[in-house]
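Annotated features, as they stand in Swiss-Prot:
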COMPBIAS  102-118  compositional bias 'Basic and acidic residues'
REGION    98-118  region 'Disordered'
MOTIF     115-118  motif 'Prevents secretion from ER'
TOPO_DOM  1-35  topological domain 'Cytoplasmic'
TOPO_DOM  57-73  topological domain 'Lumenal'
TOPO_DOM  95-118  topological domain 'Cytoplasmic'
TRANSMEM  36-56  transmembrane segment
TRANSMEM  74-94  transmembrane segment
Amino acid sequence: MATRRIISQEKTLLEKDDRIGSSPAASEKSNITPAVPASVIIKLLAFTFAMIVIPISSYFLTVDRLFKGNSTYAGATAAIMANVVLIGYIIVAMAEDQSDQENEKKGGGGKGEGKKDL
C-alpha cells in the first residue's frame, strides 16, 4: 500500500543540509592525507623494481660468464634471486609491522593518531 507525502513538511532543495552522504559540508575542511604512508609506497616501488631487474640481470650475467651458455642453470639462478627479493620484502614488511605495534604499545598511538583535523 502506498503512503502519501505531506508536501508542507518536506524541505526544499535549498533548505536541505549541505551534507550529502558521508561527504563533508562546504564549510568543513576535508582530510586529504593518503591512506597509505609514502614510505610504504616507496618500499613497494623499490622492491617492484628489484623484482624486475635483479632476476633478469642475474640471468644474463650468469648465462655466459658463469655457466658458459647453459640457460637452465642461469634460469634457476634468476628464480633463486627472485625468491631472495621476495623474502627480503616479507622481512621488511614484518619488521615495519612489528615497529608499528611496538609504537602502539608504548602509548604512541600509531603514526597518524596524534594529528587532529582542522
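Each Cβ is built from the backbone N, Cα and C atoms, and glycine gets one as well.
Values in this document were obtained by computation on a predicted structure and should not be read as measured data.
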Helix-strand-coil residue split for the topological domain 'Lumenal' (57-73), DSSP-based: 12 helix, 0 strand, 5 coil
Same-chain residues at least 6 beyond the ends of the topological domain 'Lumenal' (57-73) whose Cβ lies under 8 Å from its Cβ atoms: 81
Mean of the pLDDT scores, which run from 0 to 100, over the topological domain 'Cytoplasmic' (95-118): 68
